[in-house]
Each structure stands twice: as C-alpha cells, then as structure tokens.
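Engineer: Sharing a structure, written as structure tokens. Questions coming.
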Amino acid sequence: MMESVQQTITRVSQELNCSATSLRVAEHLDRHDELRLLRQEFLIPKISDLPPSDLSLVDGSEDCIYFAGNSLGLQPKNAKKYIEEELEKWATIGVHGHLKGSRPWAWAEDTLEELMAKIVGAKPEEVVLMNGLTVNLHLLMLSFYKPSPKRYKILLEDKAFPSDHYAIESQIRLRGLDVTDSMLIIKPRQGEDTIRTEDIVSVIEREGDAIALVMLSGVQYYTGQLFNMEAITSAGHAKGCLVGFDCAHAVGNAELQLHDWNVDFACWCSYKYVNSGAGGLAGAYIHEKHAHSVKPTLMGWWGHNLKTRFLMNNEMELQPGVKGFRLSNQPFLLVCPLQASLEIFNRTSMKDLRRKSVLLTGYLEYLIRHYYTKDPSAPDKPSVHIITPSDPQQRGCQLSLCFSCPIRTVFQELEKRGVACDMREPNVLRVAPVPLYNSFTDVHRFITALGSALSASGAK
Amino acid sequence: MMESVQQTITRVSQELNCSATSLRVAEHLDRHDELRLLRQEFLIPKISDLPPSDLSLVDGSEDCIYFAGNSLGLQPKNAKKYIEEELEKWATIGVHGHLKGSRPWAWAEDTLEELMAKIVGAKPEEVVLMNGLTVNLHLLMLSFYKPSPKRYKILLEDKAFPSDHYAIESQIRLRGLDVTDSMLIIKPRQGEDTIRTEDIVSVIEREGDAIALVMLSGVQYYTGQLFNMEAITSAGHAKGCLVGFDCAHAVGNAELQLHDWNVDFACWCSYKYVNSGAGGLAGAYIHEKHAHKMELQPGVKGFRLSNQPVLLVCPLQASLEIFNRTSMKDLRRKSVLLTGYLEYLIRHYYTKDPSAPDKPSVHIITPSDPQQRGCQLSLCFSCPIRTVFQELEKRGVACDMREPNVLRVAPVPLYNSFTDVHRFITALGSALSASGAK
C-alpha cells in the first residue's frame, strides 16, 4: 500500500472539500472501488427482512448493514440456480447423476479444489473439500500428531475456538497422555489483548523440543488477530515441530500462502468468508512434501484412486497426499453454493480483496477512533478500545470492539437499526466488513447507527 | 404373512382367470397396494430422461423402471420446496437463520432424529444425524474398538463394502496391531452365496474370547442378504464382544429394532433407501446403556462434532416425513410381496432348464427366505451381463451391474409398483434376446 488509510481519507476529504467523517468520503471510496460490482453477486437482506428491525427507526427498504460475514457469509446468487440444476438432475436421471451432467456427483467437489487452492495459496493436489471443519481437524491430527515420550505437547492459543480446544484435548487423551501437561497454551502478555509473534516464537524456541505440534488458528476468532503464519511455521520447523493452522477465520479473508510458507497442514470451514451456507463443505490442506510420507490414519473408499475405486476389490490404492484422506462422497447440495461462491472469488484475487479490505477496515477503524477514543475530559462518554491489532498485516477484516459500557442494550439497538454483527458479552462487538460485498457506505451507516444505538441505550 | 407370495399370486391369477405371469396380476396387486399413493411423493424419471434410453425401443413418456434405489433413492417432491425455504431464509435473514424460522440451523438436524429413530427401532436419544457414513463408522470404532492383548479381533464379512473394509483395516493399524491377524473374515460355505447365521454364531462361540468387535453389515450390499442381527448380537454379547452394524443397505429397507436387539452401535447413510440425495446426511446410533460412559452430552449426542448443513437436512426431512406416513412394518409387508413377485417371475422364466442348456438362466444369490433379505435381489446370470445391462438401460431400466454376471435389482416399497416389476421382466426378456443371449 503506497498510501496509508489515514492518508487516503485525508486526501479524499481535501479533494471533496468536506470533513473526513462525511458520508461523501464513503461514497467517493465506493465509486473508486474496483470490486464494488461483486456486491451484486450476493443476496443482501433488506432491513425489513431482519427479525429485530424496528421500522419506526429506519427505512426497511434499504439493504441491511451486514457485518456478520465472519459468522455466516451471505448467499451467492448462483447458489440457488446450481442447486436447482442438481435437483433437476436427480429428478430426471436418478442414479446416472453420479457420472453425468455438469457436476457428476462422483467427483463434483474435485472440480472446485483448484479454485479453493488459489484462495489458500496451495497447489490443487494439496487441497481437498470434505466433511466439516472439526472432522477434518481430527483426521489431520490423527496423522500429524504422533507424540513420543519426549516430544508430545501441542501448542495452541488461549481462548481458542471451543471446537479446536475440545478436539485437541480429545486427541491428547486418545494417546493416553495428560491433558494439562500436553496442552501448551500461549496467552497475550498481561494487559495486552493479542499475542506477540515474538512471544510465540520464543515459546517455540524454549519448549520446542517437547512440542509435537503447533496448532494455532490463522485468524483468532475473538480478537481478530491474524497470526504470522510464516514466521510461526519457520520457528516450529527449526525445532522439529509440525505446524498446522485452523484457518476458519482466515480463508477468504487473509492472503494465505500455505504452500510457500511450508505449513504442514491446515483446515477450514467454508460458511464464513467463503459464503457456502451454514454447515457448508469444509476444507483440508496438506503440503505436498508429505504426499508420500504422511498417510491417513482413518481410511474410506473415497481415498481410493478414482480410476479403480469402483472395482470394489477391497485392495486400497491410496491417492497420495490429502486426497487419500477422503472417506466418503461429498454431497452435491453442498458443492453447489460453494461453487457459486468460489466463482466470485475467481473474478478477482485474494490480493485485490485484501487491498480493499485493508482500506475498508481501516476506514471503520478511523471512524471508531474519531468518535470513540477515550476522552479523559469526558469520562462518562462511551469509548471503544479496539482489541484487534491496528497493523493491517496482523488482522483480517474483522475488528473486535471493546466498549466502556455493557454491550447488550447497545447491540439490541444496533439490531433494531438493521445492523447484523456479533456480540460477546459483557463488552465486545465483533464487526466484519467484508470486501466481497460490503461498502464504505455500509461502514459510514454503521457508525451513524452506532451513535444512535449508544444514545438510545442510555450510554451517551 | 398369512399367505405366502406364491399363494397370493396363484390366488389372484385364479380370481382373474389369467396366467400367473400376466400383467393383470401386477395391476391387481397395485390396485390393492395400500401404499401405492406414496409413489406420488417422489419424482420419477421418465424413460426419455435417462441418458441410455433408446426411444426406438420404448415409449419415452412412460416412467422409467427405477430399481436403483439401493444405490441412490429417488427425490422426494418436498425436498426442493424445503431447500428453497432455507435458501430464502439465508437470503433474507442471514446469520439470524441459526435461531429463527421453521428449521433453525443451530439444531435443524435434531428435529429429524425422532423420525429417524423410529425407522431404525431406537429411542430418539440413541440416534444422531451427522457427517457421512464412513466418518461415523470411524468415530464409533474409535470409541467401541478398545482392543486388549487377548481380545483384539474384529469379525466382519467377506467382500464387505470397500469403505468398511478399509475403515476396519485402518482402525486396526491405528492400534498398532496386525491387520491379517486382527481381521476375522467370515465367508459363505464353499458353493454357497450367503453366510449362514449358524456359521456366524459358531465362529463367535469358537473365537469370541479373542473378538473385541463384531462388525457386519445389516444387509450385505452384494448379495442382498439380511443378517440376523438379533441373533448375532446375542451371540456376540454371550462372549463379551461388542456388536455394531453398518446399516447402509438395511435402513429404510429391513425392519430394524436396534434398541430391543441390544445392538451396541450402528451407522448408516441416508441416500439409498432413505432418499436424501447423493452424499446426504448420515446416521449413527449408540444404545442408551452406553450413555453415561461418554463425556459431554450423554450417549451418541456427544459424538457430534460440528453443526450439520441445513441443505442436507431439507431433503432428509422430506423423505422422513413420507416414511412417517406409514411404518417400516407396512413397508416391509409390501416389500416382501413386491420382491417375492419379482423372484416368482425370475424363477418362472429363468430357472435353469437342463433340457435347454443354451437358454439363459438366473441363479438368485440372495436368500429366498424373506426374513433373510431386504428388497434387493442379486441375480447371477449364466451369460455375461454387460450387454444385457446395456440393453436393459436402453429400455428405461435403472439398476446395477456387477460384472461379469450379476445384476442387482431393488424394487423399493415406497415408490415401486408391481407393474414396474412386470415391465422389468418384459424388458429383461427383450434385453436378453437383443444381447444375443437367447
């Protein structure tokens, strides 16, 4: 980025001869957003559609302000069309659908793997689409977590997403090891919200001989911190550890280069930034260097070489790498919305999406700081401490906002005004303006709604 | 069944004063089929829709003869409607869909568990809908296969479905055990096609002290044999083994009483006889007696890992609602007659005739005892099957071929008719002629 976000906003407001907080700045940024047309590829709820909306407060015919894509991404328009194509196929040709049509069910998900691989910075043969995230995490850990008496610990972050935490616990117990001793949990420093890369690296350097696996998230769900996956992987490898990441909040959000960074394995869900619908098809990645050395612990017939898979002679011809980790045929109903979404990603690049995202989230941050930086001379005025790092390289699109007042009523007032975002009581809002379908005007409207919500909740 | 299938066919043909092989018998049986209206709940391909159909040979406007429900069940009509409801919900309320609407996504699959449990003869708390079959099989075996130095073998059937075979192999290797030593594979007797229950029971009695797990299919995919799950479970328990079944071909086909039979665990897919679409949501069952040995939620509910996709819940819901309009008992009653009728006609036309050795004949691999089979018949032909199969497909038949000699045909009670069976026999005759076999 040649110009910082601050500089951009200042320049634009000067060109327009208006305040930096004016809606006109947002509208200008939207006009110059090369990706703005991608919004039209999605179905955006109207304010009047959302259950908590109060139409006495807002115009229900406007698009809602959807900043919940970090929780559930919006529906690509083509999802329905593709689903209908497959339902029609099922209705008209039945069992022949496995081999016929534009998405033969027997390998429907395979065709998406190339598109998915681009998004995570991997080769197609390193990526597989299957199951749900936690299932994939378990399948990968069954193969990558091979503790020995000396090297048996798993390094993970404090307040990891619950499913990851439980999965890691159960993998440790499966090996008959002690959970407390084997889970090495790294926290932020006292008084800090996020974990410094240098601290992660130094834990690995100090304890690495006892660490079998480094298993962090790519983007931390609560704080929005984007970990330095390249540095962490490097540090882990220097001490002989294997390194994997749960990329649930990173995929389609941060620019990932899993292959080049030498990440050993990763997994993700696709219903957040990859917009495939609740419970959508999950992903898994294994670096090609492991293709012939790391075998799936649990096997099923879908890991068998496609050419001979249906001979059914019960002699496994395992596909190399992550492809051999497949167990079952994946549902075409889940392939369809994922295809619709990946086609949209394919009209741009993660690089371009990130460029917009840095500006979009930076703009949100600018406005939040403008209005809600703590003011010592007005101690009763609500303020916001942004938990998420301010360095764009250390975050995705999400900002976690910690309010000086309890958040519940503020959140309810925001919802009445057509805002969809996430609340973590007692004080935190998570807001994720997403480059694919959010606009700078969305951000400006959010700030306006936030002001009203704070007033209405009595916080102001 | 008060009356055998043979007796039924004889009686009807006498009442109608026609041959037992007449179409009129089939039509009569259809008229008296209490479940015939359920066919209308499904989308049945027309002959002209199926890719291999040859419209110079058949009327393309007729319904195809779909005997491939053992491979992929037909689409319930409401599947599309329910899917559209959820797509509309996603489009209009986004993330709120987890908690709102008629199928809140956060627990959408839970509401179907009661309907599913009825079909497998279990309590709702013993059943969970999640993942795919092989994933569930692995999750269950990770908990139920706990080998010790003395008791470490897994008993399974010969020519088990490949995924099961690979899954069991890998579970054994995971424990650091030897696959050849730990897999105890039971075969049919020499010259027989199916495995006698007494032989399964006697293997268990003989080797049971070394068997950790008895893991058979409920219905064998290749032969169509329905195993005596109750007797096998009982025999297994008498020797201290745990007993589980892969019910992929049994669910929605055979009458299952998993709870009453004391089966320890089971798993199944839902895209065959339960018609939920390719890759549909799978099932898992754990007997409630094991409920509190597990952490988290008691029993099988604690085995859940992730939120399940509402797009898969929808077609499954549509299908389970149809099952709920009848019962497995009534479906089985029709199925026994339907498959019995098919068997009758096959035997009539294709029993080996020593005086005409070149005439094609069919040996039915599947047991003739209805208690030992579901709706599928595996037909072993005296001639190579590939061309016959192609000729059948040209005539609007959907079924399954296992080279070199076997056809698997599955007339399904929910949507197949006696007329379908009769039409199949007619098509088979033409196909055999056309393939040069006759």
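Placed from the backbone N, Cα and C atoms, the Cβ positions cover glycine too.
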Engineer: Would you identify which residue of A:Asn228, A:Asn329, A:Asn346 TrEMBL lists as part of the pyridoxal 5'-phosphate site it also attributes to A:Leu133, A:Thr134, A:Phe161, A:Pro162, A:Ser163, A:Asp164, A:Ser217, A:Asp246, A:His249, A:Tyr271, A:Trp301?
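Structural biologist: Of the residues offered, the record points to A:Asn329.
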Engineer: Should A:Leu133 (pyridoxal 5'-phosphate binding site) be counted as helix, strand, or coil on the basis of DSSP?
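Structural biologist: Where A:Leu133 (pyridoxal 5'-phosphate binding site) sits, the three-state DSSP reduction gives helix.
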Engineer: Would you mind listing, in sequence order, any of the recorded positions A:His249, A:Lys272, A:Trp301 that have a CB less than 8 A from a CB of chain B?
Structural biologist: A:Trp301
Engineer: Going along the chain, which residues six or more apart from A:Ser217 (pyridoxal 5'-phosphate binding site) have their CB under 8 A from its CB?
Structural biologist: A:Glu157, A:Ala160, A:Phe161, A:Asp164, A:Phe227, A:Phe245, A:Asp246, A:Cys247, A:Ala248, A:His249, A:Ala250
Engineer: Whose Cβ, among the binding-site residues A:Phe161, A:Trp301, has more other Cβ atoms within 10 Å than any of the rest?
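Structural biologist: In terms of Cβ crowding, the pick is A:Trp301.
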Engineer: If the pyridoxal 5'-phosphate binders are A:Leu133, A:Thr134, A:Phe161, A:Pro162, A:Ser163, A:Asp164, A:Ser217, A:Asp246, A:His249, A:Tyr271, A:Trp301, A:Asn329 per the record, what's the largest distance between their Cα atoms, in Å?
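Structural biologist: Pairwise Cα check on A:Leu133, A:Thr134, A:Phe161, A:Pro162, A:Ser163, A:Asp164, A:Ser217, A:Asp246, A:His249, A:Tyr271, A:Trp301, A:Asn329 gives a maximum of 31 Å.
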Engineer: Give the helix, strand or coil assignment DSSP yields for A:Trp301 (pyridoxal 5'-phosphate binding site).
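Structural biologist: SS state of A:Trp301 (pyridoxal 5'-phosphate binding site) = helix.
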Engineer: Rounded to an integer, what is the Cα-Cα distance in Å between A:Leu133 (pyridoxal 5'-phosphate binding site) and A:Lys272 (N6-(pyridoxal phosphate)lysine)?
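Structural biologist: Rounded to a whole number, the Cα-Cα distance is 12 Å.
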